[in-house]
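Notes to accompany the following structure.
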Amino acid sequence: MAEQQLGVLKALDVAKTQLYHFTAIVIAGMGFFTDAYDLFCVSLVTKLLGRLYYFNPLSEKPGSLPPHVAAAVNGVALCGTLAGQLFFGWLGDKLGRKKVYGITLIMMIVCSVASGLSFGSKAKGVMTTLCFFRFWLGFGIGGDYPLSATIMSEYANKKTRGAFIAAVFAMQGVGILAGGFVALAVSTIFDKNFPAPTYAVDRALSTPPQADYIWRIIVMFGALPAALTYYWRMKMPETARYTALVAKNIKQATQDMSRVLQVDIEMEERAEEIVQDPRLNYGLFSKEFAKRHGLPLLGCTSTWFLLDIAFYSQNLFQKDIFSAIGWIPKAATMNAIHEVFMIARAQTLIALCSTVPGYWFTVAFIDIMGRFAIQLMGFFMMTIFMFAIAFPYDHWIKPDNRIGFVVMYSLTFFFANFGPNATTFIVPAEIFPARLRSTCHGISAATGKAGAIVGAFGFLYAAQPQDKTKTDAGYPPGIGVKNSLIMLGVINFVGMLFTFLVPEPKGKSLEELSGETEAEK
């Protein structure tokens, strides 16, 4: 079998790491920074929204969002993301990466700002508009997943491609941190300027009216980094692999990359024939696709689905875990602004200690260890730590054992990010043919988001205590935190088994992985 790879793509594969690689990381990564910021910052302000719009002067506890409202505020963005991943993933293969990338960015900027500008001052109006714009914000964010990954993988060289895509994904950690820092800064400024008594001292005055600006500022800030990179995003040329293999314009691709790499690239005589080969133009629903890529696609979708169930349900336990270990005092002992500060502080600490290092460990080791080893190890360690937290759960929640609990909890997160959370994002951008790459990544990512929805909502109900008297207001009794954690451990174990369906892309060119170089049998 004669292997044919276009000269322009070979040039990209062997290119030395240079400035344009880092420019691409920053441009693609800023989208991801905004995604993470927007999706995670809402968890910092949900308690504040409850105090502002669901205040009940007769209640011993500060106002909190009713279950269906809390679910909507957290869930609409996930639903939007799922839809956006499928739609923009498909569109990215139809119109080109660059065009669609611009559309998703504008959506993210507009909806970020709009979700802070709610209409009316009544709870219903505010929550409805917040949810409406967060859905469309999610829709734009969804498009960013397949496009960021695809653009980076198509620009990267063969040797360090894994690290480059991982670096784009690691911007998610930076976004989560930024959310925490912005919330800390804003709440500190407001706390200094608008001092208020605690809820226990004065129920009405514990939430000063100015606190309404806090959540709006935090939510809208996400538009800034995205807006700053828009210009650079539009100046980037279309990826050579899209121009050559999908748009079939090899001349244009060669010119673009000669300019970017600052070298002269020769165009082969038989280049047109290689690209026009009918055997390489099978569609997504063809037998040929199923034969070549069916199992890898199943591997990518199933592992991402299982991972996100565990990953997103952990975020839910965060607030309870912080309260249980005493990082966040009882709500009644704080005023509204101070509560935002304490929640942001706790989340930022967890992110600094476990989430963020995990991402950069992946960047450092992925091209040494390979994707498969990191994913297998991550799922394995997550299974171990989940069980280690779950079985002696009653032991961990005693005040004396708090530190051990936080360490175990942080390690679970660390191995999620130095593990399947990063690899499930990277691999789908490498193993599928160029004309279906963005679509397949979108499908994998959307399956992941479906898992996130199961994790976020299924476990919101499941983690409720079995004792009716102890459940959160408005929730039916569940199976309790301990049993939920055992279930999550099992889910991680199943994820480990499905990892065996995923091929290892380390050190191979994209065309070799997708079979696009097999011009002659």
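Positions of Cβ are set from backbone N, Cα and C atoms, glycine also.
As given in TrEMBL:
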- 20-45: transmembrane segment (TRANSMEM)
- 24-507: domain 'Major facilitator superfamily (MFS) profile' (DOMAIN)
- 65-88: transmembrane segment (TRANSMEM)
- 100-119: transmembrane segment (TRANSMEM)
- 163-190: transmembrane segment (TRANSMEM)
- 213-232: transmembrane segment (TRANSMEM)
- 348-366: transmembrane segment (TRANSMEM)
- 372-391: transmembrane segment (TRANSMEM)
- 403-422: transmembrane segment (TRANSMEM)
- 442-463: transmembrane segment (TRANSMEM)
- 484-502: transmembrane segment (TRANSMEM)
The domain 'Major facilitator superfamily (MFS) profile' (24-507) [mean pLDDT, rounded to integer] | 89
Does the chain bring the transmembrane segment (348-366) near the transmembrane segment (442-463), so that three or more CB pairs sit under 8 Å (pairs 6 or more apart in sequence)?
-> no
Ranked first among 65-88, 100-119, 403-422, 442-463 for CB pairs under 8 angstroms with the transmembrane segment (163-190) | 403-422
Outside the transmembrane segment (213-232), six or more residues from its ends: residues with CB under 8 Å to it = 23, 26-27, 30-31, 33-34, 37-38, 41-42, 44-45, 48-49, 52, 102, 105-106, 108-110, 112-113, 115-118, 178-179, 182-183, 186-187, 190, 337, 340
What same-chain residues lie close to the transmembrane segment (442-463): Cβ under 8 Å, and 6 or more beyond its ends?
-> 67, 71, 74-75, 78-79, 81-83, 85-90, 92, 142, 145-146, 297, 300-302, 304-313, 315-317, 320, 424-425, 428, 475-476, 478-481, 483-484, 487-488
In the same chain, which residue numbers or ranges, 6 or more beyond the ends of the transmembrane segment (20-45), come under 8 angstroms Cβ to Cβ?
-> 73-74, 77-78, 81, 101, 104-105, 108, 112, 134, 137-138, 141, 144-145, 147-148, 151-152, 155-157, 160, 164, 167-176, 178-180, 182-183, 214-215, 218-219, 221-223, 225-226, 228-229, 232-233, 236, 260-261, 315, 318-319, 340, 343-344, 347
Are there 3 or more C-beta pairs under 8 Å linking the transmembrane segment (403-422) with the transmembrane segment (372-391), counting only pairs at least 6 apart in sequence?
-> yes
What else in the chain is close to the transmembrane segment (403-422), if you only count residues 6 or more beyond its ends and a Cβ gap under 8 Å?
-> 166, 169-170, 173, 303-304, 307, 310-311, 314, 321, 324-325, 350, 353-359, 361-362, 365-366, 374-375, 377-379, 381-382, 385-386, 388-389, 396-397, 495, 499
